């Protein structure tokens, strides 16, 4: 017989053929397998019990059992208990006999099992201070993945045109009546939040306006730009009243202290500068970053100043001492934006590798929000635990802050007349009610989003599946 006549079979087929032949050889009837050997099964159980639980099968003298049996126990339960005790006792005897025969001719002392332990020794796995609670094991709570909170989907409400360049920054007035934007056309514009109409235009910068901030304590508006200038505008006269000189390169971000007359600006000179709002004096020059400081946040509680940089680090600053007391190096790529939760003592940072959430004051890592694989320029969060991230490719991702669940994805549409690559989102913020999301985009428009009032949990259910591997260390 040649090799070509021999039929080749897979290993899977050959194994099952061998299995069938074995059954045919050793079993008279395949539908009725042979009964288990009770004696062999009993010896196996006893041996296993002594091997794994031999030291705790019998309680030391004077120790009460875990379960107190009632006097009303039925005869069946008493019989089962006595049978199980007999099984354990027989198992102990078998193991002890074998051990004694093995070690009879040697000087090695026999292991001390429960029946040979001294009365004052305790074999309890968990010791307790109270004698009544001794030997009780505390059950470990199973880790539960919390289900995401339901959020209504967001939809585009209004598109506002008026700037002649990329819109780069935004801030909302404390009374929630108007908002201010800065753009690459060097003009600062103030818009009515309800109607979207233009109220005022401020000119004075000679290059792109990169940061604006409205004071909550004075009628002042602060702005900074790529012309290295930081300006203070008096909104009662609509003109510049102060200049803050000191930046050596373009200024990218601006933040105001909520309770003190302090202004913090940062930029391409790799430092953040702390200014006295009234005297225009520089209080601190916060050095430590090795690349552009892209964003800065200020809050009343410690840490008061938080900066993120293109050197992929985030720094917490002591404003009194003017130095870093914590540096977060978890990101692998440049960090371009920060968002502080309005209610919780936490924050989020945006980078192309991940969005990460942190806990104040020590910068403890909470979780990763993965999936928005693009250059992220902006983050915004509201009190309803909605976190929004905007990217260079015009994508908007909506996240549940608690669980990191991505419940919605939107793609912005470029304004007619602009080229397709001009879909980047450079800045965004929620208004003070948290019901409107305002985005600044590369197609020279400002877009306002709102929640869909017609959506319900039945029409837009949470399509969530727990992923136990999601929460990584870094």
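Heads up, the Cβ atoms here are built off N, Cα and C, so glycines get one too.
TrEMBL: automatically predicted annotations, no manual curation.
Look at TrEMBL and you will find 69-82 tagged as compositional bias 'Basic and acidic residues'. Marked as region 'Disordered' by TrEMBL: 69-88. Sequence annotations record features per position, and here TrEMBL assigns repeat 'WD' to 160-201, 202-243, 244-285, 286-327, 369-409.
On the 0 to 100 pLDDT scale, the model's mean across the repeat 'WD' (286-327) is 94. Sequence-remote contacts of a segment are chain residues at least 6 beyond its ends whose Cβ falls under 8 Å from one of its Cβ atoms, and for the repeat 'WD' (369-409) they are 145-149, 151, 153-154, 336-344, 346, 348-352, 354-357, 423-430, 434, 437, 439-441, 449, 462, 464, 470. Broken down by DSSP into helix, strand and coil, the repeat 'WD' (286-327) contains 0 helix, 23 strand, 19 coil. DSSP assignment over the repeat 'WD' (202-243) gives 0 helix, 24 strand, 18 coil. Residue counts of the repeat 'WD' (160-201) by helix, strand and coil are 0 helix, 24 strand, 18 coil (DSSP-based).
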